[in-house]
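Listed features, source Swiss-Prot:
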DISULFID  Cys30-Cys51  disulfide bond
DISULFID  Cys82-Cys118  disulfide bond
DISULFID  Cys171-Cys242  disulfide bond
DISULFID  Cys174-Cys266  disulfide bond
DISULFID  Cys184-Cys288  disulfide bond
SIGNAL    1-23  signal peptide
Amino acid sequence: MGFPAAALLCALCCGLLAPAARAGYSEERCSWRGSGLTQEPGSVGQLALACAEGAVEWLYPAGALRLTLGGPDPRARPGIACLRPVRPFAGAQVFAERAGGALELLLAEGPGPAGGRCVRWGPRERRALFLQATPHQDISRRVAAFRFELREDGRPELPPQAHGLGVDGACRPCSDAELLLAACTSDFVIHGIIHGVTHDVELQESVITVVAARVLRQTPPLFQAGRSGDQGLTSIRTPLRCGVHPGPGTFLFMGWSRFGEARLGCAPRFQEFRRAYEAARAAHLHPCEVALH
């Protein structure tokens, strides 16, 4: 979703620095909590959070806020930010600011992906979010709150889908090319079987319980492979609408860590991945080495 650059720049340049935005920081400046009731009409509050993890809570949203994430030079390297709304998320929309002033919608009022949304900024883009209050006729209590995680992009040469971006709510098998990229770039790569699947209707998520026979990679540590007499059970989450159900055989589970939880990216049967990997390796087209044995 894009907005004219001129409109954004006008809002940022002409808006007043809201007094409410200057207060409300946590001691370490990782989080912010404030209210739109003390914000001057038409103002754009300027916020800056320097930590890799934190939270924002905007009570009675009014006007707009511009939030910069990262250290003193947030444009030094490409970065990936993930936002997870606190439900019910109401009263505002959250956009990622893009080069040229365009805005990309990340969070909106109403139901959405329980796991949140992620955005990737390039090396010349400022890591900034634009929070805009949505108009309402009544004065009911509304809260727009979310947690965020920010990390450096260690493989900026790879396409966005390799970082788990743009797959929120996607329910389709991964192509061979996507499988190979996922094996090289996912936060975790687990060889195991499905022990069971449960469904959380409230969060609109399915929870896959996996017996991890072998952990090929994990960053940060999320799983422990089963030892003799001990099953290494772990949980991986995926959107409910994907209709995941238990199946026989061994799989290669690949995905990303979001707020301490494992979220599924691709889960081919192990033999299916082996076939794709060995074919790519024979043609010298594999993006990285994967220890299958």
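These residue numbers are counts, starting from 1, taken along the chain as shown.
Just so it is clear, glycine is given a Cβ too, placed from its N, Cα and C backbone atoms.
Remember, predicted model here, so these are calculated numbers, not experimental data.
For the recorded site, Cys82 (disulfide bond), the DSSP three-state label reads strand. For Cys266 (disulfide bond), the nearest of the disulfide-bonded residues by C-alpha distance turns out to be Cys184; the candidates were Cys51, Cys82, Cys118, Cys184, Cys288.
Of the listed disulfide-bonded residues, namely Cys118, Cys288, the sparsest CB environment within 10 A is found at Cys288. In the three-state DSSP scheme, Cys184 (disulfide bond) is classed as helix.
On its own chain, Cys30 (disulfide bond) has Leu49, Ala50, Cys51, Glu53, Gly54, Ala55 as residues at least 6 apart in sequence with a Cβ closer than 8 Å to its own Cβ. The Cβ of Cys82 (disulfide bond) lies under 8 Å from the Cβ of Gly116, Arg117, Cys118, Val119, Phe148, Glu149, Arg258, Phe259, each on the same chain and at least six residues away in sequence. Counting neighbouring Cβ atoms within 10 Å of each of the disulfide-bonded residues (Cys51, Cys174, Cys242, Cys266), the lowest count belongs to Cys242.
Other C-beta atoms found within 10 angstroms of the C-beta of Cys184 (disulfide bond) number 18, with every protein chain shown included.
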